[in-house]
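First up is the structure itself, then whatever we jot down about it.
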Amino acid sequence: MVRNYRLLDEMRLWVVVIWLFVCAAALPGGEQPLSRIAVEKTTLAINDSVHVKASPLVLGLKGENSEWVEVEFFHPNPSDDDWIGVFSPANFSDAICEPENERQQPPVLCTAPIKYQFAKFKNDGYNRSGKGNLKLQLINQREDFSFALFSGGLMKPKLIAVSNMVTFANPKSPVYPRLAQGKSWDEMTLTWTSGYDIKEAVPFVKWGAKGGPQFLSPAGTLTFNRNSMCGAPARTVGWRHPGYIHTSFLKDLWPDSKYTYRLGHRLPNGTHIWSKLYSFKASPYPGQDSLQQIVIFGDMGKAEADGSNEFNDFQPGSLNTTNQIIRDLENVDMVLHIGDICYANGYLSQWDQFTSQIESIASTVPYMIGSGNHERDWPGTGSFYGNLDSGGECGVPAQTVFYTPAENRAKFWYATDYGMFRFCIANTEEDWRPGTEQYKFIEQCLSSVDRQKQPWLIFLAHRVLGYSSCTYYETEGTFEEPMGREALQELWQKYKVDLAFYGHVHNYERTCPVYQSQCVVDASDHYSGPFKATTHVVVGGGGASIADSAFTTSNIQWSHFRDFDFGFVKLTAFNHSSLLFEYKKSRDGNVYDHFTISRDYRDVLACSIDNCPRTTLAS
C-alpha cells in the first residue's frame, strides 16, 4: 500500500514537470531584455571613421549616485539596427569567460552590456546623417563605464567603435541601503553595497535616535563569485562582480521612534567614507494599537528611466509602482515584495539597477522580499521546479543582496511581525507539502500567533497556492499551482488566516472568502462577525509584462474582482478590530477595489499545533 502511494506521488510529480514544460512559453514576463543580445556571436569590425564620445567624464562630484550622461556618435554608413551598449567595467573587451564545457569556444566578447539602446532612439535623422546622441542614466556600480556602437543588430552584433571612459568620483562608496525587519521586533537590519572588501575598509553604521546621541555598529561582509552561480548566463556573459554586501544589526530600538543613520567605511589610513544621511521609524511594539500601513505586490522588476533596454515591457509599470509608493511613503510602514524581484535572470548588473530604483523606499521603510521562480529555479539545485527561470543564479544573489529574518536564508521562508500584523512568508520554489520542513514552518508560523495581540494573520507566497482564474492555470483544471492549496487549505481554515497573497500571475484578482473552492460567504466590500474563510488575492501586477496574464472567460463562482493592469495592495490596520484593504493602480495611485474587515478575536489563538480545532470560531 505504501509503495502504491509512492508511485502515485511520483506520477503526480511527472505530471507537474510535463505541465511546466507545456506552459513555460505561456508564463508571463520571463524574458530578460539583455538576453536578446547574442553577445557570444559578436565580431570585431573596428572602423576608424566611426566615433563615440561620452560626457561628462567624471560623475558624482557632489556625492550623487545617479547621473545622466550624453553620448554623441557618428557612423558614415548608418542603419536601423545600429545600437549603443553601455559596458562596465570600461575595458569589457578584456573580460575572460570560462566555457561551459570542453567543446565550447570562448566568444570574442563574453560580457553583456548593463543596458543598451538603438542609435535611432529619438534621433529621427540618424539613418540619413549618421549623427546621433543619447541621454543615458548611469548609477554608481563600483567600476568605470564605456559606450560601444554596434551594427548588425542584436543577433549578429559587430563592434565598430568604443567611447572614452566615464567614471564616478568615488566608485566604491557605500550605496543603496536596504532596511529589513530583524528577528525580533526591536531590531532593524541595514544592508548596503560597496566596492570595499573587508581587507580594504571596515564597514559600519553611525546611527541613533533623531536629535540624540549617535552610536557605531559594525557590519558583516558577504560576496559571491562566478563559481557560486549554477549556470549560464550568470556564470558566463551575464556575470558581473556584485561588489561587497554589508549588513548591520541595529538593536534595542524604541517603538515608533525615529532614527537617522549614515553608512560608513574606515580606510586603513584612518579616513572615513560616508554615505548621505538617511532615516527610518522603528517598528511598533507587537500588538500595539496604532495606525499601521503595509504595501504588498509581486513581480515588479526594474525599468530604465532613460527608456533603454525594455521595449516598454516593464515600462511604465515598474517605475509607476515604485514612484507611487515613493509619493505615499509617509503613509507606508513596510513593503512586502513577494517574489520575482528584478528579473535579472542571470545578468548580475541588474541587481544594482534594482536596488538603485527602490533606494528611496528601502532606505526608509523595511523592504521584505520573498523568493520567486526568477530568483531560485535551476535544474539539479534542489529547487522544487527544474526550470531555467533564474538564469543560473539559483537564489544566491537574492539571498545575499537582501536580508530576510529566516533561520536559513537559503530556504527563504520566514515569519515577521509588525504591530498588529503577523506575516508568514512561504517559499513556493521549495516543497511545501505535509511532512516537509517548510510545511512544519507554515503551521508553526500560523499557530503560534496570539490573535489578541496580532489579530491580522497574513499568508504570502510567490506562486499561486490558492486561487487564480488566469488562463494558464485554467489548463490545470483547478485554477492553482499544481498541488498548491490541497495541503494548505486546512491550515488556513484552522488558524483563521484573514488574507493570502500571491504573485507569479501578472494581474490582480480577489476572491470571496473561499474554502475548498466554495464561497463560504458572498464576496463583499465589508466583512464583520466571526471568521468564515480566507480571502485570496493575486497581486502580481507590480511591473512585469502583463501580456500573457489574461483571465479565463469562464464564469468562476469564487472570483469576485479582476483587473488586467499594473497595481499593488495597501493594508491599513486602524486597530485590533478594523482593517482596510485597498487595491491601487500604479498608473495613478487611485483605489479600484477595496473592502474592510471588522472583527474581534476574543478567543486568544495561542494554541499549540495539535490542540487548536479547525472549527473554532473567532467570536
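In case you wondered, yes, glycine gets a Cβ from its N, Cα and C as well.
Sequence annotations record features per position, and here TrEMBL assigns domain 'Purple acid phosphatase Fn3-like' to 52-170.
Residues annotated as domain 'Purple acid phosphatase N-terminal' in TrEMBL: 177-281.
According to TrEMBL, the domain 'Calcineurin-like phosphoesterase' annotation covers 294-508.
What TrEMBL lists as domain 'Purple acid phosphatase C-terminal' is 533-594. For the domain 'Purple acid phosphatase C-terminal' (533-594), DSSP puts the residue distribution at 0 helix, 33 strand, 29 coil.
The signal peptide annotation in TrEMBL covers 1-26.
Mean pLDDT, taken over the domain 'Calcineurin-like phosphoesterase' (294-508), works out to 95 on the 0 to 100 scale. Each residue in the domain 'Purple acid phosphatase Fn3-like' (52-170) gets a DSSP state, and the totals come to 7 helix, 48 strand, 64 coil. With helix defined as DSSP H, G or I and strand as E or B, the domain 'Purple acid phosphatase N-terminal' (177-281) counts 3 helix, 51 strand, 51 coil.
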